[in-house]
Amino acid sequence: MSQQLQEIEKVLSSHKLSGDDYAHIKQILGREPNLVEIGIFSAMWSEHCSYKSSKVHLSGFPTKAPWVIQGPGENAGVIDIGGGYAAVFKMESHNHPSFIEPYQGAATGVGGIMRDVFTMGARPIANLNALRFGDVLKDNKTSAHQRYLVRGVVAGIGGYGNCMGVPTIGGETSFDECYNGNILVNAFTLGLAKSDEIFYGRADGIGNPVIYVGAKTGRDGLGGAVMSSDSFTEESKSLRPTVQVGDPFTEKLLLEACLELFKTDHVVGIQDMGAAGLTSSSFEMAGRSGSGMIMHLDRVPAREEGMTPYDFMLSESQERMLLCAKKGSEAEIIKIFEKWDLDAAVIGEVTATGNMELFWHGDKVAEVPVNPVSEEAPVLNRPMSRPAYLDKIASVTIDDFARVPNQEAFERLTKSMEVVDKSWIYTQYDSMVQTNTIKKGGMLDASVVRVKENGKALAMSADCNVRYCYIDPKGGAAAAVIESGRNVAMSGARPLAITDCLNFGNPENPEVMWQFGQSCLGIKEACSALTTPVIGGNVSLYNETNGVSVFPTPSIATVGVNDDQNKVLMSSFQGEGNTLYLVGESNSEFGGSLYMKEICGVVAGVLPEIDYEKELTLWDLVIEANKKGILECAKDASSGGVAIALAKMAAVSGLGCSARMLVNDERDIFAESMSRAIIEVKQENSASFESMAGVLQCQKLGTVGGDIVKINNVSMSMKELQDNYFNTFKRVIERDI
């Protein structure tokens, strides 16, 4: 083999490009590519940027509704919330960086998703997160490392969000051994904008200037997009230099400068520099517009000496934006950003060539056609194979295991890391900044912010039961959409749209691709049935270490609108003597349940039945009854069943309860049948509520009050329950410090 060929193979390998990719690149260019061009193709055709393995499965997602202003394909999705305002939101992953460097990985994940939102012209008003960690309970190195990761990720999220002045108002955190080698950090941001003042990532108008704004460019994050498109091995700690370093104070200045700029008429288009940095932002803007672009890389503000064109194109330095502006507005734009102590430089212009032409001190260092890179990346229809494990686990039931006394099961489940209060996490976040948050964490099934401008409230919830997704990828993904929507409805808001973050293992494994394909089918089915279109999202693949993939984890965040910000429904008990109802049909359904995991020690069984009509009827009941003012609180009965839902309601409120649930088996108080809620009403409203419940099963459970929680044959004092609920998490996570 010639030395030249060896060098080419070495370069291709380091850029995760195949021989076929190289041949395709030569065909596109009509010549051999240089290193800058190889870097561009590598980044833009990476799994992270191109979605080449997932795109074929994402087609067909429902994306339209009368209230959808912008669906997938932009920096974030946009829905009309009435009164001239729009909610702009998106969810993205920062999994690989957070495993390598938890603080910076999580922090820059938060920073990146906020830029996606404010680049659309919206001021961020709420953050959520969905976090998955491995086993934190054992006294071994793996669990100790997971506890370290929890502490680092939470500190990173809080450190960035708090400095930005954007409240982090909720989220979801769960633990499973499948995440020992790959934690998942999914960040969500929602912003508020006027519905007729949305900005898009376009580069229209031949001759219009292309302007770089924000922080200077360094070498941090080089190769980040490619790193996030590969699985981990024992050597992955060496990837620390590929993790970006964030500066929230600079991002705060960038936010305010952009919002000031948006009040002018200077902006044609604007794009965040996220994964693949200047490469992705420039190619995406030109690609959407069908235009070309010239950029002079020596004009890009540099933070380090000796940087090359390759470095400038692929750096993932944070807090940067690319603008396409109206010609003649350059000086005024630069003045705005300099006022905010930020860099701004005219680095190029829009052309009609359809090519990206890059110059370095007057010399052309790259010329690549835009469309084949941004819009025509390879699409892979990877082989799929149904995993053999599904047949083995489908027949497993709780009757295959020795019975555990219900009281013992109740005591163990109230200490489950999935159940217990996560205030150790959310008290590190500023949840009340901007003064729009309605109630602190743990008091609502959804997280809610008021919209002062129109008197409404926005409710949001991020959810995914990964055990459901493991035993039934299609049904589990549908269940994630359902539960996320149900939590929003339990707060009194009407669910309107979702964003997703699809976290899966290695797509080169046919079983993983089958899980992914089935999950997409489940999301399509649920969103269509519930009329909650997908308006944006993210795919994160290669969540695998040493051949072990994470469980399918399609995180779903639903956003809904409550027409009256004064009628937000709590999820904990509100008053002594109030009546409790269980709405919805209960069966002995334990597949993928918390009970099976914690008490039986397995993740197995058949998923509880899904009935979209019953689900929508439940949502309508809660939303309409809340409008009439006859509800005191509503809580989704899901993980851990009715018993654990009641325990949580009691722990948060400080009020006990006495409940009697009709069951076929005493363990059914822990069963997880879907489309159920626990409702609290005042006695004088009982008849009205029962009348409204209509066709739904409505069982009177009992009453609120007392200093114990009792349901059927289990009970616990409020003192013990609140100790379990509020202190367990801290005891576990701070064990090493």
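Backbone N, Cα and C atoms are what each Cβ position is placed from, and that goes for glycine too.
The shown structure was predicted, so the numbers you read here are calculated from the model rather than taken from an experiment.
According to Swiss-Prot, the residue from Ser528, Ser540, Ser549 that belongs to the substrate site alongside Ser93, His94, Asn95, His96, Arg115, Gln244, Glu316, Ser317, Gln318 is Ser540. Only Glu92, Asn538, from the recorded positions His48, Glu92, Arg115, Asp116, Asp272, Asn538, place their Cα within 10 Å of the Cα belonging to Asp500 (ATP binding site). Tyr51 (ATP binding site) has Asn538 as its nearest neighbour among the binding-site residues Ser93, Arg115, Asp116, Glu316, Asn538, going by CA to CA distance.
His48 (active site) carries a helical DSSP state (H, G or I). Ranked by Cα separation from Asp272 (Mg(2+) 2 binding site), the recorded positions Glu92, Ser93, His94 are led by Glu92. Of all the binding-site residues listed here (Glu92, Glu316), it is Glu92 whose C-beta has the fewest other C-beta atoms within 10 angstroms. Listed binding-site residues: Asp116, Asp272, Asp500; maximum Cβ neighbour count within 10 Å falls on Asp500. Closest by Cα distance to Asp116 (Mg(2+) 2 binding site), from the recorded positions His48, Glu316, Gly537, is Gly537. Fewest Cβ neighbours within 10 Å among the binding-site residues Gln318, Asn538: this applies to Asn538.
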